[in-house]
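Step one of this worksheet: look at the structure below.
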Amino acid sequence: MKFCPKCGNLMLPDRKRKVWVCRSCGYEEPFDEEKDREKTKITKKVEHKPDEEIIVVEQDLKTLPTTKVTCPKCGNDTAYWWEMQTRAGDEPSTIFYKCTKCGYTWRAYE
């Protein structure tokens, strides 16, 4: 990755013209194939399906808002909630809930 020295946005390589281009401010900088190869290499591409389970490993839940919703596992009536974009950008985001009592996490399907 390379960032624009003028505006700080991500620069993209234009390999045909052999330059780095900032799509925000238009700044250009020469591209060196040998030196810049690692900056443009995709080392791992991860693709997710919309129905995959998403697990929040560590998060300070006390900072999340709570709402009145029934936990499908224990019946508790309060859960933390957060919103994430899990599908394409033109589709609605997904709301996740985590029970304040048992910790069970589920998503809302609207």
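Cβ coordinates are placed from backbone N, Cα and C, and glycine is handled just like the others.
According to Swiss-Prot:
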{"type": "BINDING", "residues": "Cys4, Cys7, Cys22, Cys25", "note": "Zn(2+) 1 binding site"}
{"type": "ZN_FING", "residues": "67-107", "note": "zinc finger"}
{"type": "BINDING", "residues": "Cys71, Cys74, Cys99, Cys102", "note": "Zn(2+) 2 binding site"}
Would you pick out, from the binding-site residues Cys22, Cys74, the residue whose Cβ has the largest number of other Cβ atoms within 10 Å?
Cys22
Taking the center of the Cβ atoms of Cys4, Cys7, Cys22, Cys25 at the recorded Zn(2+) 1 site, which other residues in this chain have a Cβ no more than 8 Å from that point?
Pro5, Lys6, Gly8, Asn9, Met11, Arg23, Ser24, Gly26, Tyr27
Looking at the binding-site residues listed here (Cys71, Cys74, Cys99, Cys102), whose Cα lies nearest to that of Cys4 (Zn(2+) 1 binding site)?
Cys99
Given the binding-site residues Cys4, Cys25, Cys71, which one's Cβ is surrounded by the fewest other Cβ atoms within 10 Å?
Cys25
Cβ within 8 Å of the mean position of the Cβ atoms of Cys71, Cys74, Cys99, Cys102: remaining residues of the chain near Zn(2+) 2:
Pro72, Lys73, Gly75, Asn76, Ala79, Thr100, Lys101, Gly103, Tyr104
Mean pLDDT over the zinc finger (67-107): what is the value?
87
Among all the protein chains here, how many other CB atoms are within 10 A of the CB of Cys102 (Zn(2+) 2 binding site)?
13
For the binding-site residues listed here, Cys7, Cys99, which shows the highest count of neighbouring CB atoms within 10 A?
Cys99
If you measure Cys74 (Zn(2+) 2 binding site) to Cys25 (Zn(2+) 1 binding site) at Cα, how many Å is it?
53
Relative to the Cα of Cys25 (Zn(2+) 1 binding site), which of the binding-site residues Cys71, Cys99, Cys102 has the closest Cα?
Cys99
Determine, to the nearest whole angstrom, how far the Cα atom of Cys71 (Zn(2+) 2 binding site) is from the Cα atom of Cys22 (Zn(2+) 1 binding site).
47
